[in-house]
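Novice: Copying in the features that Swiss-Prot gives for the protein in this structure:
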type	residues	note
ACT_SITE	C274	active site
BINDING	R82, Y221, G222, G223, S272, N388, S389, R390	substrate binding site
BINDING	K230, H250, D297	Mn(2+) binding site
BINDING	A273, C274, G275, K276, T277, N278, R390, R421, F516, G517, E518, N519	GTP binding site
Amino acid sequence: MTTAAIPGLQGEAPTNNQELLNWIAEAVELFQPEAVVFADGSQEEWDRMAEELVEAGTLIRLNEEKRPNSFLARSNPSDVARVESRTFICSENQEDAGPTNNWAPPQAMKEEMTEVYRGSMKGRTMYVVPFCMGPITDPEPKLGVQLTDSAYVVMSMRIMTRMGKDALDKIGENGSFVRCLHSVGAPLEEGQEDVAWPCNDTKYITQFPETKEIWSYGSGYGGNAILAKKCYALRIASVMAREEGWMAEHMLILKLTNPEGQAYHIAAAFPSACGKTNLAMITPTIPGWKAEVVGDDIAWLKFREDGHLYAVNPENGFFGVAPGTNYASNPIAMQTMEPGNTLFTNVALTDDGDIWWEGMDGDAPEHLIDWKGNDWTPESNQPAAHPNSRYCVAIEQCPTAAPEFNDWKGVKVDAILFGGRRPDTVPLVTQTHDWEHGTMVGALLASGQTAASAEAKVGTLRHDPMAMLPFMGYNAGEYLQNWIDMGNKGGDKMPSIFLVNWFRRGEDGRFLWPGFGENSRVLKWVIDRIEGRVGAEETVVGYTARAEDLDLEGLDTPIEDIREALTAPAEQWAADLEDNAEYLTFLGPKVPTEVHEQFEALKKRIQAAQAS
């Protein structure tokens, strides 16, 4: 196929990959865009797109002195978060999607979406965005190409992925790639005026696991539209991982170095908005300890030649929740944004062209423009920034970025943490007995709801196995089987699994543990447990730290609060048993025998504790 066969293509196609060119030509015929542009990932391209989006009213250029080369986008109020009810796993067999996913027959879904896609890019530019998951130097890279009519998405992907010419070169003339289609679903007829944030009330976020395709329609927001993020890095990658013998997980990756210079690496799975980014960017309060971030959201875990599990961050940027981020809770995130080059979405705008959100340092300004574009004062009875408002910034700007984030081999994982928001029941930190016990603990992870999903009822408890509930690309029971299989393969070289809970509350509702930088004290105990240097108390859930096992020097939290935070009350665990049993039943017949056996053992421990 020649370049001429792609109507509207600007200039020559920078590739001879016939499969790619044919696919683009088919997409042009379907979407009917006005122009087709290959994104090259250059600074010139970023600057040009930014200027165009400022002119269109999609972006607001922020104060150049305070936020150089940074922009604010305000989305349509109907398009502010992931939409789980419109997210589909379209496997050939419904059973392969399992009980936790919405399923539709792939052929029927493709026919349905083809109709909404038809002509959906009229009057718009279709961008061809080649990207690489993880470091571009990987000899066996996972590649993708997204076709999108959103320049905001292209700008976001330049931050979030290794995108552009280098990725296209990596695909080469016959390389394989995951095909990602995205349209905001807002065609422009001739003479029709555009809106600042085009989207459609009808939304689809669809994954096809057998063919490794992603089709998205109707949303311009984050994870619905930046298809390299949750759609590829977790939903499609988890399917690849099961087929190829690795794991794609919703985990941060943290490098910790002790005063002796020994480095350790921790991967941690928490549900969205439960503190992954804060932990990934932790500033340890214990003297002599150093923390560096490898990733804050997604980890791909693979065995290397030495038989150990290594973690790679497939992303290149942070897409962090803004509200609550400040110089006390997460100084590293704030410092990462200081050099600029940041895309903000749905935060508030100050009168001098800076940004603001709830929980930022200092008092709220006397006047703001809120995320909907309206005047706001401290007397206003609604938040100035949307609870799920975001900042998007490159990892390389982070002052504590570990150099290993650019190493395709990744880092050896010494410990895995699971954790959510539980006001009671779950102690501050516990080591599980072994990999199978840890898998069961992860399978029964439950947390309070957050605003990261558009449909969440905030505060209610929801089960979230391994923090992967919205992101498993296949049957949840088979996903847990992959955990068991990985443990069997790795044997005694597998990392230890721990359960943490920063959010225990006292009877009066106060937090019992100060959290944030003080969590380094818990991480030190985790490392000391791995090295066999510190004790623990056996509780119903595992080996739980005692107050005297933690390094509490210089901490002014009452010792009684810490002791209470470390309890694992058998009666509270007993109260969860029925709910947990029902949940394992809900997950279906493919849940591994080992998980059921571990749950039965937990029940026996709880009954024995209650009897004594």
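The backbone N, Cα and C atoms fix where each Cβ goes, and this holds for glycine too.
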Novice: Given the binding-site residues G223, S272, T277, N388, which lie close to K230 (Mn(2+) binding site), meaning Cα to Cα within 10 A?
Specialist: G223
Novice: Here's one to test understanding: among the recorded positions H250, A273, C274, whose C-alpha is closest in space to the C-alpha of S389 (substrate binding site)?
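Specialist: Smallest Cα separation from S389 (substrate binding site) among H250, A273, C274: A273.
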Novice: Which of Y221, F516 (the binding-site residues) has the most other Cβ atoms within 10 Å?
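Specialist: It comes out as Y221.
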Novice: Go through D297, E518, our binding-site residues, and report the one whose Cβ sees the most other Cβ atoms within 10 Å.
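Specialist: Within the set of binding-site residues, the most crowded position is D297.
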Novice: Give me the Cα-Cα distance between C274 (active site) and D297 (Mn(2+) binding site), rounded to a whole Å.
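Specialist: Checking the Cα atoms of C274 (active site) and D297 (Mn(2+) binding site) gives a distance of 11 Å.
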Novice: So, in DSSP terms, is R82 (substrate binding site) helix, strand, or coil?
Specialist: strand
Novice: Are there residues of the same chain, six or more positions away from R390 (substrate binding site), whose CB falls under 8 angstroms from its CB, and which are they?
Specialist: G222, F319, G320, V321, A322, F344, T345, N346
Novice: Compute the centroid of the Cβ atoms of K230, H250, D297, then list the same-chain residues not in that set whose Cβ lies within 8 Å of it, in sequence order, for the Mn(2+) site.
Specialist: G223, K229, A233, L234, S272, I298, F471
Novice: Cβ-Cβ under 8 Å from T277 (GTP binding site), same chain, 6 or more residues apart: which ones?
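Specialist: Sequence-distant Cβ neighbours: L252, D296, D297, F318, G320, V321, T325, N330, A333.
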Novice: DSSP on Y221 (substrate binding site), three-state: which is it?
Specialist: coil
Novice: Mind computing the max CA-CA distance among R82, Y221, G222, G223, S272, N388, S389, R390, which the record assigns to substrate binding, rounded to whole Å?
Specialist: 16
Novice: Round to the nearest Å and give the CA-to-CA distance linking A273 (GTP binding site) with N388 (substrate binding site).
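Specialist: The Cα atom of A273 (GTP binding site) is 9 Å away from the Cα atom of N388 (substrate binding site).
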Novice: Would you identify which of the binding-site residues N388, S389 has the most other C-beta atoms lying within 10 angstroms of its C-beta?
Specialist: S389
